[in-house]
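Encoded as structure tokens, the structure appears first; notes follow it.
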Amino acid sequence: MESTGGPYLNTAAVTSPVGIARLLQMTFGCTTFSLVAHQGGFSAAYGTFCMFVWTFCFAVTVFIITCEFTHLHSCLSISWGNFTAAFAMLATLMSVTAAVIYPLYFVQLGCYPIGCEVRDFRIAASVFAGLLFVTYAAEVFLTRAKPGQVTSYMATVSGLLKIVQAFVACIIFGALVNDSQYGKYVATQWCVAVYSFCFVVTVVVVAFSVTGKTALLWFPFERSVVVYTLGAVLLYVSAAVIWPVFCFDSKYGSPRRPGLCAKGKCPWDSQLVIAIFTYVNLLLYVVDLAYSQRIRFVSHL
């Protein structure tokens, strides 16, 4: 085998600030799901989601560290810089969600009825879950694009916002399927179409950036993304107007939460969540559009 002219192992992958952050991610992630699996326990969809987040993030982080330490990432037909930046942002969002959900549903101050040992394990798991979020957020901070720096698109503010937009859309979809009664009016069905279209296109943009295939397209990818972002802003403006009117106006819906509505199974609650995150995503797309005027795509980093 011919030598590549450099060291076989990349020690900077574990000694640089980003490398140290990833080692801490691996350590805290493993500790968190080990505490939960050993004694803390989890149940229902919320607990299963948290365990999935911690194990998924741990596995991908180990994969990233291994590839960078051994230079194996150079053999992969993807844009490595875009992939790691996108995953760091996604892991930050997922880990902060799990760090909020697990203590909210599983941690209590008293020992009854789960016992003091189980309670202590759950508190410890919650602490390490919070530390895990901090380390992923630190990686995003360390790898984000600096002013004037040539870097991967997913490391820019616009690229990172694409991940957040898709994540917020997933929250909207979760509320939609939770008895939101969106099929009651054609107008609310239009809103669902807006959420779906923007989510799909955003995921496609991320996929093309991560795979590094943007240069193979027959149309200017950079200009198309800016045009799409403008279109997404206009579409979300329509949803931000239509959804509250058809859900909370007294002519079509209910301005206040019905008194007899069961907690956790109330369509009004789901409609409120969708309305809030519609405005959140609208703001994200507006900020994305503003930042997209100041960047240039680099697909091969």
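Every residue number used here counts from 1 along the chain in the order it is shown.
Glycine is no exception: its Cβ is also placed from the backbone N, Cα and C atoms.
Under the heading domain 'MARVEL', TrEMBL lists 13-148, 153-297. Per TrEMBL, the feature transmembrane segment maps to 44-66, 78-101, 121-142, 154-177, 192-218, 225-246, 272-291.
Using the rule of three or more Cβ pairs under 8 Å, pairs at least 6 apart in sequence, the transmembrane segment (121-142) is not in contact with the transmembrane segment (192-218). Highlighted: of the candidate stretches 78-101, 154-177, 192-218, 272-291, 272-291 has the greatest count of Cβ pairs under 8 Å to the transmembrane segment (225-246). Secondary structure of the domain 'MARVEL' (13-148) per DSSP (helix as H, G, I; strand as E, B; remaining residues coil): 113 helix, 0 strand, 23 coil. Counting same-chain residues at least six beyond the ends of the transmembrane segment (192-218), those with a Cβ under 8 angstroms from any Cβ of the stretch are 77-79, 82-83, 86, 152-154, 159, 162-163, 165-166, 169-170, 172-173, 176, 182, 225, 228, 232, 235-236, 238-239, 278, 281, 285, 297, 299-300.
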